[in-house]
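The ATP binding site feature in Swiss-Prot is assigned to G237, G238, F239, G240, T241, G242, K243, T244; the stated evidence is sequence analysis.
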Amino acid sequence: MVLLDSLVGTIVGINGPVIKAEGMSKFKMREMVMVGKKKLIGEIIILENDLATIQVYEETSGLKIGENISSTGMPLSLKLGPGIIGNMFDGIQRPLKKINEISYGFIDEGIGLISIDEEKEWDVNIVVKVGDKLKPGDVYAEVQETNIIKHRIMVPQDVNGEVTKVKESGKYNIEEKIVTVKDGGNIYELNLYQRWPVRTPRPIKNRLSLGKPLITGQRILDMFFPIAKGGTVAIPGGFGTGKTMTQHQLAKWSDADIIVYIGCGERGNEMTEVLEDFPKLIDPKTNTSLMNRTVLIANTSNMPVAAREASIYTGITIAEYYRDMGYDVAIMADSTSRWAEALREISGRLEEMPAEEGYPAYLPSRIAEFYERAGYVENLNDTEGSVTVIGAVSPAGADFSEPVTQNTKRFVGAFLGLDRKLAYARHYPAINWLTSYSQYNVMLTDWYLENISEDIIELRNKMLKILFEENKLQEIVKLVGEDVLPDDQRLILEVARILKVGFLQQNAYHDEDTYVPKEKQYKMLKAIELFYDNAYKCVKMGIPISKIRNEEIFGDLIKMKYNIPNEDISGIKVIEEKISSYYEELIEQYRK
């Protein structure tokens, strides 16, 4: 990165991460600058005549008034190339492993804008030849980045022309020029990376309708509140309701090709847990370590607040880059509330007029900007890819009426509200089936009918209806007890208990239960439905509920999630046969 010596400003005010400087008339809005003697990384966020306001992405302790501001001549941007997958970055794409080697556990000020490894040599397969016409987005080389991710090197947005020179396939680092393209009088030498400004969405050819689900292996999501590839999801919940655990489960088991996990303003221990767990976990699709498809962006609560604001954009830009190669990417942002708090803090230091609860008036548009970068798209190189955004929201006191939750709700397609009462009752995932919803149910209907069963929609609605009825009946039970209810309503309570404990509750630490294939999920629901239909028939014949309630069958239905292996679900058939024969015999006895 070259500093432009001709452009120099002077610091005239310091307020935490916000710097005021003069002599800035030739600088540009959103330009990345180097601040002070330590060359701290900053970004111009307000430019008025000669005065500029700069937000600094590093600790500003020790800066003095009168120190210089240098120009880099480019916006805050990322280096996009091989070496991103399996790596862990801070909020502005500086690799934490490398920083650890330099400064031993602490991020020193002025460490510079280091990024992906420039010296590592990659096995590069060049897929173009002299005379080929190239346009933006075309693939001109391929690198096997991990054993499951093939990194496609694409033509940058400003390059268009004919290939005039090509190196042979072989070992190259990301800085070496491997292809030369001529466009009229312009000659472009292409290497293995490109730069992209974080706040600008990457271009696409077309947005496509959402029609494929993101299979997560979590029963409540896949069966009741499905997520579409390219969709947007909010997971709001108070302290201790399991937001991070739910995000970890989605990052581990969802069938996206690549996961970008952003720890935005959360505890450092949680990122440590990800770093310790993911390399040990095996991806069920590829039988290799989960780190081979994961990018981690760690911007913990004690890191500079301005970098927290940038980390969300860093994550989504990396996700879009891999989407452009034709991959399905899922991005986990934990938590967007901390990001909104960073906006609030910077807004306060800028002395902007606060809106509701002190958040800036532009909070809704910033949240929309982020979620609108999701989607299932046709790329410039005619491949299809998707970015699915799953954002955790941490409302203070589990108050869902606060601004971040309410504004997020406006822009997402699925809302998975976590419930304190469920969490305190140790029902995890604590997703409340009464307040949660997914608008993707309708969009994904065709896929579910084709790939699971023709009765799946009917079955899902029937089970949800039982859960809603049980909620109404609980009000009566609390007042007068269960015994006064008629038997058909008591049956609803029993079936809902099986559904809640045996189906909706899922153990993230159990080998069989942490991830459940969709076929087993469907068969489990069918077994519960078979029990309900047979038991309902008995109730209508006047058979007392005490006879209908068979503890052995109840136990089998509740424990089938643990006892029946995911690879061989024939055990569910045995349970169904037991249900059918027991209730047929019961009906025969009462007919006599």
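The backbone N, Cα and C atoms fix where each Cβ goes, glycine too.
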Any further residue of that chain within 8 Å (Cβ to the Cβ centroid of G237, G238, F239, G240, T241, G242, K243, T244) of the recorded ATP site:
S394, L418, A423, A430
Using DSSP reduced to three states, classify K243 (ATP binding site) as helix, strand or coil.
helix
In the structure shown, which of the binding-site residues G237, G238, G240, G242 has the fewest other Cβ atoms within 10 Å?
G240
